[in-house]
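Peer 1: After the structure tokens below, expect a handful of questions from me.
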């Protein structure tokens, strides 16, 4: 009885991936939750983080605030929100966004802050206003760190998205929890392997994006 | 800043290697904890990750301590799949268990039946070295529960009455679909079709809310000793064909528990009526009292230490 080889054999079986509750559907759900959660988080967190970096104010509040938010147990938050919103995707999404926002804020203000102040001064001396400095100097030069924050958020959410299954919302948590509860370690392991593979692929994609950006003229 | 190019990949690779090597031994990764880590003569008491079970275990612990036993509390160790191997190989000496549910673990093919038949079958299927003592009157078993409004609307008394209802959504645990009394059992025994909605909080507030709000029609995770049933006047559907396994509370002990210890545990279970169990659970759920407080009050109420 080798759980790992059984898990791999199960993963290689085409029947595993097909059907309305197959692993294929679960994987797509899992990716969707991750991407939607990170996109919504970026929409919230990027403006905040960029503003903090650009104006150089509010960083202490942001550090303290994101620290507190990061300490929230995600499963507890999910349960609490689900008590108000009921079942479905809302509660998991709120939990994932809460998880992702701090990393993106931190990445954004670190990125803007990392730009050499002399470069920013030079931009202003040439007559650029605040928006122009932000859009054409601070964001492009800080982009690797800004993307780094998003990259971290993606990794955190792709790993945590399994708990959507706690309220029956699908994703790779479904086979994972089922395997855990029924002593089916190959199933548990197989679901974990798919989560790990997703994390590696997504992380690799971001790594590539960060490298490419460094090669572009005008970017850090 | 340099990119952390290979860091994450290396960590993942290392984790995979660890997983692989852990499994290559071929045995259950959870079963290899060292035996004999505890002094001879110490009674290790376990409990499920379930507040009600922990209260019973705490009652055992306090009474055994008072009788002069060295007691180690190994509480809140997951569900049966996680701790059963520890029980089987003697690392845990005393565990509050449930007759039908434990029987189904050791003998998945076991049918249901009267509580006496279930207890009889359990004593036969327990591995060597484990003994099931006297079961209590109290049960904490799977039930199918609906709101009074839903029961009235569809004229429901027993589980079979659900057969005439369309689009029944049932709140369940993840493992419910694999159980003999799960969707397949429901279809075969009662001709009832249900759509499952997993809510993984063991009949906790999320499940109760979903039922009261009509997000689900029936729950499979609100057990018979759940205080929510009386609090919200919920209707427990009758099970005339005995689909659901009875689950009377029963102490399961290893050979390390001597006759005196067994007598103490049997006395506890002779006092555990359904109302007593509901009162213990309600004290925990509705008043947030800690297990050791609930246990101490119960022992005092029954003058077990006088």
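Glycine residues also receive a Cβ, built from the backbone N, Cα and C atoms like all the rest.
Please treat TrEMBL annotations as automatic predictions, because they have not gone through curation.
Pulled the feature table from TrEMBL, pasting it below:
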- A:31-206: domain 'ABC transmembrane type-1' (DOMAIN)
- A:33-55: transmembrane segment (TRANSMEM)
- A:67-87: transmembrane segment (TRANSMEM)
- A:93-112: transmembrane segment (TRANSMEM)
- A:133-154: transmembrane segment (TRANSMEM)
- A:160-180: transmembrane segment (TRANSMEM)
- A:187-206: transmembrane segment (TRANSMEM)
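Provide an account of the burial state, proximal residues and distances for the features listed.
Peer 2: Beyond its flanks by at least six residues, the transmembrane segment (A:93-112) meets 33-34, 36-38, 40-42, 44-46, 48-50, 52-54, 59, 62-63, 66-67, 69-70, 72, 74-75, 77-78, 81, 85, 134, 138-139, 142-150, 152-154, 156-157, 160-161, 163 of its own chain at Cβ-Cβ distances under 8 Å.
Long-range neighbours of the transmembrane segment (A:133-154) within the same chain, counting only residues 6 or more positions beyond its ends whose Cβ lies under 8 Å from a Cβ of the stretch, are 34, 38, 41-42, 45-46, 49-50, 53-54, 99-101, 103-108, 110-116, 119-120, 123-124, 202-203, 206-207, 209-210, 213-214, 218-220.
Only residues 6 or more beyond the boundaries of the transmembrane segment (A:187-206), in the same chain, are considered here, and those with a CB under 8 A from a CB of the stretch are 3-4, 7-8, 10-11, 16, 23, 26-27, 30-31, 34, 147-148, 150-151, 154-155, 158-159, 162, 172-176, 178-180.
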